[in-house]
Ligand SMILES: Nc1ncnc2c1ncn2[C@@H]1O[C@H](COP(=O)(O)OP(=O)(O)O)[C@@H](O)[C@H]1O
Ligand SMILES: [Mg+2]
């Protein structure tokens, strides 16, 4: 991590990092996201919850333009990162994704060594000048991902040979190695056992000091444990967005209430 | 819990598990029938394979042997080097017509030593050895002029009939109508064989030599055609692999799915099924008649085979790319790799085993292809010499292994037929080798997890 950016970012913890206005997403004829407005804060964990198929992943993937890879997907509306429209013609999604990292539902390490997995991002973005700096980034990222202790003796072993939980933490290390400003996580714990889940949740809480984290989860307990803000999606609409405590103790919308009490879903 | 301590309390089951019901029996019976059918199918396949391989080996293995007659030839300096200074240019002036009598004299000596001679005419004797004998001697003398003046033992090819007699192809009771061999000659052969002047040896000329004219079956070899095949494969590899892989990557990873790319996709699948002779006539029209490339050149053959191989390579490469899990692409894009980086750093290495397998299968197909070569003149008695240099090999007229085999199978002398089978053995060895390479490469790339 670069010290400069750290101090810069510490200035205002309640800064608005991402602003979305009137976002519509279509898959061909299907209207998957309807008119969503949301403000995602810096240095905060924001959870997206909602029943399966309500568009959480779709909206998350809008934030780093991963939807561009789906031919039939069209995004309308405005999404600003630090006030800049990420769907502007001048934006290269590749550059955007270096700033907005992503961790996927299924752990997907590259079929390369643990070291190469983490070093890949810094390498392609030219973040280091020599091997020593690269080693440093790899170590720092693995430490932040709470994986260093377990893998420091076998950095050249294949990343795919790790356990599921370790693989997911490796993917997190890979995502934070490029020093992104926002980290998107799509159900990062759904393929993990409870112990690994607890480790990743702890990790997410720590990541909050450096990044703005957006996490999609189908577990309301998880949302309650790790997030400060929660957004509830239903059938493509953003039904309610508020402080996590507020959503879970005193939801304003009846749909939110029936979901968290287990009547929709 | 207390129930568990009283197993005797079980009531008898409504339907016993120890008795198969009718439905289960029927199901099991049909499964057994299916297994038997599968085993029979595999058995038939294996039987045909064994039949095929044994036929090939039985018919073809004799092509690797050849009968030689040891003839002492006196290399008379008065005839071969009239100027007497062993000047290579002067030596070349002595043609095979000058050498032929010297070989005849040597042969006469061998025959007389065996106690024959009177009952054999001159032409009878000539028919014992290959028509290539004089040029064989001449080549050796030109390579080593110091032999002139000495009597040198030459291992001369026996003629194809004599060779066939030793291999059991020519029988005494069947040669009444054969102008090329008589019973007296066979008696001589038997006696020469006893003396050791006539013996069978491994036929290197068959493997490394050039095709020979109709009347010299014993001299024909597949070596030059092998070179032709090699040059064609080089062209195919250098053109089809990069073009095919680039096209597949573009279609699979970059191109938008629309009606135009659908059309291209359908076309590629159909091209893979187009008969190869169609590519041959296309090559004739486009490369020879329009582009004026030389006829019978391995370059043109390679171009035609490239066209033929491309669909195979594209189809298998696309399948290999499709088989790479999309999560790997997501992972690469997610850390900010460009599309091209994700393809070249992650997708392509994973698809490599499949691509290589497809390419080698395509090459193997091309190696065995005959029909298009007929149309561009790569068949027939084309090349007698090795090309003059590496690059010359691409344009100097040549044949290819399968076309050479086809050519031999057409000719009258049974010795050529034997060589056709022998050629098939060599072709199969090449194909086996290529498959082996495919397997090794696949293993090597797969080991990178
Ligand atoms: N690649 C796609 N092509 C077409 N429709 C899709 C695609 N991905 C998602 N959808 C549709 O968009 C809607 C939202 O899906 P998704 O964002 O995956 O929901 P969630 O992550 O909340 O379960 C669903 O109705 C789904 O069928
Ligand atoms: Mg989802």
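Residue numbers in this text run from 1 along the chain shown.
Yeah, the Cβs are placed from backbone N, Cα and C, and that goes for glycine too.
Curation does not apply to TrEMBL; its annotations are automatic.
Just so it is clear, the model here is predicted, and its values are computed rather than measured.
Residues annotated as domain 'ABC transmembrane type-1' in TrEMBL: B:226-438.
Feature annotation from TrEMBL assigns region 'Disordered' to B:1-26.
The transmembrane segment feature in TrEMBL is assigned to B:36-58 (among others). Residues 421, 424-425, 428 of the same chain lie 6 or more positions beyond the ends of the transmembrane segment (B:36-58) yet place their CB under 8 Å from a CB of it.
Summarising the annotation, TrEMBL assigns transmembrane segment to B:230-251 (among others).
Annotated transmembrane segment per TrEMBL: B:271-293 (among others), in sequence order.
Long-range neighbours of the transmembrane segment (B:299-321) within the same chain, counting only residues 6 or more positions beyond its ends whose Cβ lies under 8 Å from a Cβ of the stretch, are 228, 231-236, 239-241, 243-245, 247-249, 251-253, 268-269, 271-272, 276, 279-280, 282-283, 287-288, 293, 347, 351-355, 357-359, 361-363, 365-366, 369, 372-373, 376, 378, 394-395, 400. Residues or ranges marked as transmembrane segment by TrEMBL: B:299-321 (among others).
Sequence annotations record features per position, and here TrEMBL assigns transmembrane segment to B:347-368 (among others). Within the chain, the transmembrane segment (B:347-368) has long-range Cβ neighbours (under 8 A, six or more residues past its boundaries) at 229, 232-233, 236-237, 240-241, 244-245, 249, 253, 305, 308-309, 312-313, 315-317, 319-321, 323-324, 328-329, 401-402, 427, 430-431, 434-435, 437-438, 441-442, 445-446, 448.
Positions annotated as transmembrane segment by TrEMBL: B:420-441 (among others). Within the chain, the transmembrane segment (B:420-441) has long-range Cβ neighbours (under 8 A, six or more residues past its boundaries) at 56-57, 59-64, 206-207, 222, 225-226, 229, 353, 356-357, 360-361, 363-364, 367-368, 401-402, 404-406, 408-409.
Long-range neighbours of the transmembrane segment (B:230-251) within the same chain, counting only residues 6 or more positions beyond its ends whose Cβ lies under 8 Å from a Cβ of the stretch, are 261, 264-265, 298-299, 301-303, 305-306, 309-310, 313-314, 317-318, 321, 343, 348, 355, 359, 362-363, 366-367, 393-394, 398, 400.
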